[in-house]
Amino acid sequence: MSCRVSLSVIRLALPRSPNPIAKLVFPTLRASRLLVRFKSVSSESTLFSMPERRPFVRLPTDVYPVNYGLRLKPDLIDFTFEGKLEAAVEVTQGTNQIVMNCADIDIITASFVPEGGEEINATGFNYQNEDEKVTLCFPSTLQKGSGSLKIDFVGELNDKMKGFYRSKYTIPSGEIRYAAVTQFEATDARRAFPCWDEPAIKATFDITLIVPKDRVALSNMNVVDRKPYPEDHSLVEVKFATTPIMSTYLVAFVIGEYDFVESQSSDGVTVRVYTPVGKAEQGRFALEVATKTLPFYKDYFSVPYPLPKIDLIAIADFAAGAMENWGLVTYRETALLIDPKNSCASSRQWVALVVGHELAHQWFGNLVTMEWWTHLWLNEGFASWIEYLCVDHCFPEYDIWTQFVSADYTRALDLDALDNSHPIEVDVGHPSEVDEIFDAISYSKGASVIRMLHNYIGDEDFRKGMNAYLLKFQHKNASTEDLWECLEQASGKPIAAVMNSWTKQMGFPIIVVDQEQVTVTKSFSWTSIDENCPNWMVPISICTSEDPSCTKMEVLLDQPETTVNITNVAPDHWLKINPGTVGFYRIQYSSAMLESLLPGIRDLTLLPVDRLGLQNDLFSLLHKQADMQEEKNRIERVLGAIPAPDIIQRVLNFALSVRDITHTHLLWKIGQAGKI
């Protein structure tokens, strides 16, 4: 048998009123044709504007770095540091000034030595504190060509948990001490040394740290030399290997007291997990995850990890969850350490996900870096998706994709339905705007649409496209459009057109499904009613009760009306849209469609992730009624089959906070059919 499927879309802007979703008048239906209508959840305007912006100009390109030779000597008592920078630079056109980023640093002296020429001392330092820049002024023109920029400077080991800062910890005896650590993303390398602190201005780094001899000193690369510091025998001078070409925000160094556990991945990379003193055993689970993860990404991308080592370190005072510094990944203690006797399963899963996320960045973000912060969503959204893919590979017993739907996917849908949402991709000007887009839209919605994209392309073509992208742009910078182009060439599908409809506007479509029976024919319709409202190119998957885990039909809704045929569908079989809850949209089924799905809920042939998605969609489409107590009673009846009172209360609170109600009677039936 076959099903004829016709698809169309209704696009409705979300008005700012108590009842945001317009009611649809459905035609009288006979019995087996499926009509799928789409309405959008979006604000009145599809364009998102940031708050009023500060004027901003990126750094000039007349001088750029090739290599940073950096020496730092932190004082862990007075919380200051001394620094010497000797940067190999290229002058692309004659100039008598060099503009760099600099914040909370005092420059003592600066000079420029042209290749084969005499040293030229800077005559002044003009600080633009609001823009976090400094202009080094020279008495004569610096001619085009190579040269060396030398700067002596001092700074503070601050207590702001950004830049080069101090982190308080307690040793086993109870004494309080301090470590010196870094957090540079997005724009705080400039607080540790004067630099060209933009992601597209890459260079190599030769880092030397002068530290107390009883302290551990770490940086991005492996140690190549350690010797006594001639001016003070209580100090040692630790020199690290030259890094690959990289952005300033990925540079890191740590000085403190740590234990570690060590292993090697199957592809020969040395992996260490650094822990507070006396807690080395708590790093073993993260070590296991890291040694499994590195080979997984190497195989998935078909690109080897390019550094000889990777260190993962738990920092006592750390503002972020973790930071993907190349070769030296820093973590909040709770995101890295697992007590083998007392930690719960959810803590293990959390550590596995965070480790998987940060190690994914070693390729996607570090090897290939975004050209500007506008493309930050792709860095974070991609890593937030592939961390689940990695954990599912390493620990299939976690059933981690069901947790993705409950933790990331549904959260993103809830937030993206609000008036104060924003597109995934937001144009960033001044770097101060970057923090405004480090949110669940960048991470959770970004991950959800990447997951939908992967499903639309297929794993084989997706991996081909990723490999082409990483090889083409390795050690360089790229934009979102560069990735779409590589995936488009690998798959032959209109990736840029599809993804632009999801990343450049907020909101998502709601699929409204009706059914009527016509022998063996089932159809969907999608109709446009407002040219000014958002439009999406929607990858749709359909499965049947014959095999709920297998997609029966895939179609891209890319035109006002589409008809497809599904073959070999028995009259008594049900159809389900969005198997696996992969597509980033909500589905509003007709009563007859929901009735047909009840057997699959009762006998659990409908997979847990699909039952979860179905329940979440239904509750998200509720709205407040005049009689709130009556509404409360109805929802409690719906959840009557669920024995846990705390779950009932949480879902009830959620349900009463959203706006539109449909299918209350069927919600009760689904609740009675079984735990979804």
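Glycine is treated like the rest: Cβ placed from N, Cα and C.
Curation does not apply to TrEMBL; its annotations are automatic.
Just so it is clear, the model here is predicted, and its values are computed rather than measured.
Residues annotated as domain 'Aminopeptidase N-like N-terminal' in TrEMBL: 65-250. Per TrEMBL, domain 'Peptidase M1 membrane alanine aminopeptidase' is recorded for 285-502. Per TrEMBL, the feature Zn(2+) binding site maps to HIS357, HIS361, GLU380. According to TrEMBL, the feature active site, proton acceptor maps to GLU358. The feature site 'Transition state stabilizer' is assigned by TrEMBL to TYR443.
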Neighbours of TYR443 (site 'Transition state stabilizer') among recorded positions HIS357, GLU358, HIS361 (C-alpha cutoff 10 angstroms), in sequence order, are none
Cβ distance under 8 Å to GLU358 (active site, proton acceptor), same chain, sequence separation 6 or more: which residues? LEU312, ALA322, MET323, GLU324, VAL329, TYR331, ALA383
Cβ-Cβ distance under 8 Å, sequence separation of 6 or more, same chain as HIS357 (Zn(2+) binding site); the residues meeting this, in order, are ALA322, GLU324, ALA383, SER384, GLU387
If you take the centroid of the Cβ atoms of HIS357, HIS361, GLU380, the listed Zn(2+) site, which other residues of that chain have their Cβ within 8 Å of it? GLU324, GLU358, ALA360, PHE364, GLY365, ASN379, PHE382, ALA383, SER384, GLU387
Cβ-Cβ distance under 8 Å, sequence separation of 6 or more, same chain as HIS361 (Zn(2+) binding site); the residues meeting this, in order, are GLU324, ASN379, ALA383
Looking at Cβ-Cβ distances, which residues of the chain lie under 8 angstroms from GLU380 (Zn(2+) binding site) while being 6 or more apart from it? PHE438, SER442, TYR443, GLY446
Let me know how many other Cβ atoms fall within 10 Å of the Cβ of TYR443 (site 'Transition state stabilizer'). 21
